[in-house]
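Worksheet for the structure shown next.
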Amino acid sequence: MEARVERAVQKRQVLFLCVFLGMSWAGAEPLRYFVAEETERGTFLTNLAKDLGLGVGELRARGTRIVSDQNMQILLLSSLTGDLLLNEKLDREELCGPREPCVLPFQLLLEKPFQIFRAELWVRDINDHAPVFLDREISLKILESTTPGAAFLLESAQDSDVGTNSLSNYTISPNAYFHINVHDSGEGNIYPELVLNQVLDREEIPEFSLTLTALDGGSPPRSGTALVRILVLDVNDNAPDFVRSLYKVQVPENSPVGSMVVSVSARDLDTGSNGEIAYAFSYATERILKTFQINPTSGSLHLKAQLDYEAIQTYTLTIQAKDGGGLSGKCTVVVDVTDINDNRPELLLSSLTSPIAENSPETVVAVFRIRDRDSGNNGKTVCSIQDDVPFILKPSVENFYTLVTEKPLDRERNTEYNITITVTDLGTPRLKTEHNITVLVSDVNDNAPAFTQTSYTLFVRENNSPALPIGSVSATDRDSGTNAQVIYSLLPSQDPHLPLASLVSINADNGHLFALRSLDYEALQAFEFRVGATDRGSPALSSEALVRVLVLDANDNSPFVLYPLQNSSAPCTEPLPRAAEPGYLVTKVVAVDGDSGQNAWLSYQLLKATEPGLFGVWAHNGEVRTARLLSERDAAKQRLVVLVKDNGEPPRSATATLHVLLVDGFSQPYLRLPEAAPDQANSLTVYLVVALASVSSLFLLSVLLFVAVRLCRRSRAAPVGRCSVPEGPFPRHLVDLSGTGTLSQSYQYEVCLTGGSGTNEFKFLKPIIPNLLPQSTGREVEENRPFQNNLGF
């Protein structure tokens, strides 16, 4: 059963394919191929590739198929060679019956592009059936008074063959009294008449037994025989006579079995048995005998089987009325079968293309044929589909229709369509058939990938581990399949100085971003680049997004002491007057941190000291000040270790070692210029220093003698230590100036200027009152406050 269903589906598909061929060659003459019935299966008929002017490969590539209305597939097309073969042995009598010629139409369907070629298979009859008499014995009663030349109808033989192979002649065994005349019924059938040659004499020959032979026209001819028994009777000179020689009736095809079709009537003027009439069919075919029956007494004709207009539309019957004396008459009954709307329309799907691309307007989705076996309005059909689908029906040739997309489809809105094709005939009552088709929509790359954000901000802590992810980007594509597969990539940087290829990489499959090297906040605080998302469609579509990477500072730099310089060969020694009061500014530790934020917030503390409690360090600015008055017991040389610590986590630190020399007075002021010229922004500060030096020089000339005497008296006094100025990488950060002014030699000033300072401040160290001045009240004048002149320095 499954094999039959599968075979039926294949036949239906073949039929659907033929639709395409008919559309392109509907107006051309059909291709004709001839084959004799009973030809063996597999017989070669023709090469379709040559007939159609196509190559064998093209025939196969275009999906050539055979479509026919037959319920069985009688032809087979070889896709490899293009040969058309006979798929089964044919019986012309079964396929066409008495119809001549026996033509089996079919169509050749080609796709890509769509074409239909009409073709016909003509089945030639062979002489495979011998004539057959339904009754092997025929009885006749003939009056002896019958005039020579009288004719008597005999039962005709049946031959299923047609044309020259059909029944062509009758003969009778040789005798002196009878011969056979052959007559044509006008419908392609012949029947025999027995003709009397001479007067009969019942007393001499009361009965004849003759052999009736029916011959067909085949080569060699076939024959069939029947025995004719003739009984010679006394005189019966009136034959039955029908009231009408021709009866025409119309019978609906849905008439029930047993219903009366028509009643015929004949009269006989004789009496007795010679006037008794019996009705019967004369030379009736087997189909007529299966469909009708006649009452031999009343002459009423009844249905013996159900009529079918779609099979046979007209029956022609010859009815014979025979009396008891053997005389007979005949009439003709023509039965026209009227059509009733008893067949629903049939939808024969030839081709279905599914799935179809979403951007394909005016695309043929399906080809089908509508067939209604009824006639007239009962066979006329109307085909439609629902309104809510983007498809239309287009009629074609020979009741073919194509289902075509009305506009481009959108797979992202509908992935499939369920289409109901409704076919309704115009009969009464109307019959309809519905056929459902599911059309899948295949994806086309019409949507570019879309990032979830137009820009991404990533925070990466410096000193990160290379090859670890630092973030990710994500894009989605509304398409499906490979059209929705997204490939991520880095786009070329718009900054030519940014080595993007050595900084980050991206996973092409998932969009994860990786740092290729450890980032250094001090070298690169932030950078940005663009990433692309490209699908795998054809052509590929893409989109972009901006990625900003902010490098977070880590506490990876220890404080660096700028002053005093720690790696100098000569240690920095700061002089400190023994008369300094508590809070006296000895020096200032200057340090920087390469980090930022709280990692660069520096704090200072005194770690070690020769005399604990003598000095203190301000935590926020690194100023080293005296914590108490100096005494004679304090060592002349003091060593301080200052700890500089940042505010990172964990904190980093550095130490600065200071040497402080306790002195009773100052030596000649000194002026040490920086190795590099100051910036133009500090020119005003330089002018101020020069002016101060000039005034001090004038003052020095007036007290030179006094100073010389005092210096000689203090030959044993310790020289004033000098502080080396940082060199190397920080030539412009600090400028130390020393000089003498117009004041007394007992005063010494040290001016510390920062080359990069924006405040243009300078500081005077407070004057030292030497022990040479006994008249001094011991009061020291402190000028330790920052001084800023009115010109804005």
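Including glycine, each Cβ sits where the backbone N, Cα and C put it.
Among the features that Swiss-Prot reports, topological domain 'Extracellular' is placed at 27-688. For the topological domain 'Extracellular' (27-688), the model gives a mean pLDDT of 87.
Summarising the annotation, Swiss-Prot assigns domain 'Cadherin 2' to 138-242 and lists sequence analysis as the type of evidence. Taken through DSSP, the domain 'Cadherin 2' (138-242) splits into 3 helix, 53 strand, 49 coil.
Per Swiss-Prot, N-linked glycosylation site is recorded for Asn169 (among others), and the stated evidence type is sequence analysis. Long-range Cβ neighbours of Asn169 (N-linked glycosylation site) (same chain, at least 6 residues apart, Cβ-Cβ under 8 Å): Val182, Ile190, Ala214, Leu215, Gly217.
Under the heading domain 'Cadherin 4', Swiss-Prot lists 352-451.
Swiss-Prot lists Asn418 (among others) with the feature N-linked glycosylation site, giving sequence analysis as the kind of evidence. In this structure, Asn418 (N-linked glycosylation site) is part of a beta strand by DSSP. The Cβ of Asn418 (N-linked glycosylation site) has Asn436, Ile437, Thr438 as same-chain neighbours under 8 Å, each 6 or more residues away in sequence.
What Swiss-Prot records for Asn436 (among others) is N-linked glycosylation site, and it gives sequence analysis as the kind of evidence.
For Asn567 (among others), the entry in Swiss-Prot reads N-linked glycosylation site. Around Asn567 (N-linked glycosylation site), no same-chain residue six or more apart in sequence has its CB under 8 Å from its CB.
The topological domain 'Cytoplasmic' annotation in Swiss-Prot covers 710-793, and the record cites sequence analysis as its basis.
Around Asn436 (N-linked glycosylation site), taking its Cβ as the centre, 8 other Cβ atoms fall within 10 Å, counting all chains.
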